[in-house]
Amino acid sequence: MQTHKHKAAKIVVVGSVNMDLLFKTPRMPAPGETLMGQSFHQIHGGKGANQAVAAARLGGEVSLIACVGQDDFGRSSVAALQADGIDTQLVRQVSNCATGVAGILLDDSGENSIVLAAGANAEVQSTDIDAGKTIMSGAQFLVCQLETPMASVAYAIQQAKTLGLQVILNPAPMQDIATDLLNQVDFLVLNETETQQMTGMSVENAESAVAAAQVLRQRGVGTVIVTLGAAGVVVVTAEGSMTMPAYKVEVLDTTAAGDTFVGALAVALGEGEGLQKACDFAQRAAAIAVTQLGAQTSIPHRSLVESHFH
Ligand code: ATP
């Protein structure tokens, strides 16, 4: 993929905005234990915001539909999104409500444990989606995750299909998804844990991921992409399946790897790339993200992705 060869992909993201409070720790504390951490970082995150940032840094024209609180975290999150060129006119500031926060522990092995307080993310409503209909009608892709209420996500997907958009759903954190909603999803992008949760099947390798993805396709999803961390991705479509290994990098922190993958995928598909090339671009971007600490601090710009892995 070359810069500026194609028209920019037009993408609407419906999703969460969080402030990530990240503690580096030598190991995870046991219940009841107090442990000295090594460092603390306050980093912009939230799956919706991360995916919007990834799509924008990688060349997309991006609008975000989301809610934040009227607090410092909310104001600085919106400023950061705007600095990345994201249209935030549909990011609503909710009074008497805190911006979403994620408490993250990251240990020396790269493992993380996360607690989320949804805050304003729980306030995203169908009226927020209705306010975005004009913007949606000019877009190619709707990108959603599940850190905002399921009813709003379902409504957004339904509206997007009516307006002729393609839908990418990243069902994280996993919740039950109605079959008639899955029927409207063009690209379901999920990791191995979410795949196991959705199918009840064990996913340990590419072969078992393909089998589980086929089950999800039978529930009505167009294309299923299972991300397998350092083992890459499997892609299952009506035509068959393909397995693509990940790029080899030195891992520092995998936070936002999946979000970078999703944002990059939307950009490449929106520019008219085929599925294999789009997944390759997404894996390049995600591999760079795992070499850096934090969520939005780790998401690469397009020039960096294009100059890597030749
Ligand atoms: P997260 O929740 O940490 O954002 P995830 O669990 O949703 O991530 P993963 O399957 O871990 O998603 O990673 C998404 C993609 O990122 C992988 O398919 C791969 O392309 C890339 N990736 C993740 N980990 C690595 C790694 N260790 N080395 C290279 N690429 C990686």
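Glycine is treated like the rest: Cβ placed from N, Cα and C.
Database features (TrEMBL):
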ACT_SITE  D259  active site, proton acceptor
BINDING   N18, M19, D20, G46, K47, G48, A49, N50, E147, D259  substrate binding site
BINDING   N191, T227, L228, G229, A230, A231, G232, G258, D259  ATP binding site
BINDING   D253, T255, A289, Q292, G294, S298  K(+) binding site
DOMAIN    9-301  domain 'Carbohydrate kinase PfkB'
Fewest-neighbour residue among binding-site residues, criterion Cβ within 10 Å, set A49, L228, A289: L228
Cβ neighbours within the same chain of N18 (substrate binding site) - under 8 Å, at least six residues apart: H44, G45, G46, A49, S77, T99, G100, V101, A102, L116, N121, E147
Candidates D20, D253, D259: member of the recorded positions with the richest Cβ shell (10 Å): D259
Fewest other C-beta atoms within 10 angstroms, as judged across N191, T255, Q292, S298, which are the binding-site residues: Q292
G232 (ATP binding site) versus T255 (K(+) binding site) - Cα distance in angstrom: 16
DSSP-derived structure type at N191 (ATP binding site), helix or strand or else coil: strand
Under 8 Å by Cβ from A230 (ATP binding site), same chain, sequence gap 6 or more: A246, V251
Spatial neighbour of A289 (K(+) binding site) that is closest, considering only the recorded positions K47, G232, D259 and their CA atoms: D259
Closest of N191, L228, Q292, G294 to D20 (substrate binding site), Cα positions, binding-site residues only: G294
Candidates near ligand 1 among the binding-site residues A49, N191, A230, Q292, judged by a Cβ under 6 angstroms: N191, A230
Inter-residue C-alpha distance, D253 (K(+) binding site) and the residue listed as 'active site, proton acceptor' (nearest angstrom): 13
Binding-site residues (E147, G232), the one with most neighbouring Cβ atoms at 10 Å: E147
Cβ packing number for G294 (K(+) binding site), 10 Å threshold: 21
